[in-house]
Amino acid sequence: MIGVALEQLTPALKLDADWIGLLGAGTLAGLFVGTSLFGYISDKVGRRKMFLIDIIAIGVISVATMFVSSPVELLVMRVLIGIVIGADYPIATSMITEFSSTRQRAFSISFIAAMWYVGATCADLVGYWLYDVEGGWRWMLGSAAIPCLLILIGRPPIIQHAKIRTA
């Protein structure tokens, strides 16, 4: 979605080519850090707890991004969103691997990997839908909080089911 949002962001925040590159690179750097760091942290703190914390963080950071007023603030938010999205990859994958039956494990991992691409496609569609809205970039970047809320509703039963399976 950031690609669509940049069309409005560039004049709104007076971004030049360097800032545009930094915003893309910052998110990727955050993904690298989040994936590397939170696999380890979730092993120490507990995957179930981190399973909920990371989705809450994605929602909060997405909403906070709606209120940025400078390229520096936007870069900080993009790095942070990269970190927490990067955290979700190993946490969600390990939870699914741990609590899926042997027979369903391959399907479950494939399904979640496919859903990352479905989510990215949906994000772009939302971006195009909001493209002509005044200040639409704010709503584009904040709209990630909506699926976070839906996921929060769906994740507790998954965690409860996981507790029952390990008991």
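Keep in mind that glycine also has a Cβ here, set from the backbone N, Cα and C atoms.
Here is what TrEMBL records for this protein:
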type	residues	note
DOMAIN	1-167	domain 'Major facilitator superfamily (MFS) profile'
TRANSMEM	19-39	transmembrane segment
TRANSMEM	51-69	transmembrane segment
TRANSMEM	75-97	transmembrane segment
TRANSMEM	109-131	transmembrane segment
TRANSMEM	137-155	transmembrane segment
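For the transmembrane segment (75-97), the residues of the chain that approach it from at least six positions outside its boundaries are 2, 19, 22-23, 26-39, 41-42, 47-48, 50-51, 54-55, 57-58, 61-62, 64-65, 68, 105, 108-109, 112, 141, 144, 158, 162, judged by C-beta separation under 8 angstroms. Residues 1-2, 4-9, 12, 51-52, 55-56, 58-60, 62-63, 65-67, 77, 81, 119, 123, 126-127, 130 of the same chain lie 6+ residues outside the transmembrane segment (137-155) yet bring a C-beta within less than 8 angstroms of a C-beta in it. Proximity of distant same-chain residues to the transmembrane segment (19-39), defined by a Cβ-Cβ separation under 8 Å and at least 6 residues beyond the stretch ends, is recorded for 2, 6, 10, 13, 50, 54, 71, 74-75, 78-91, 94. Computed over the domain 'Major facilitator superfamily (MFS) profile' (1-167), the whole-number mean pLDDT of the model equals 88.
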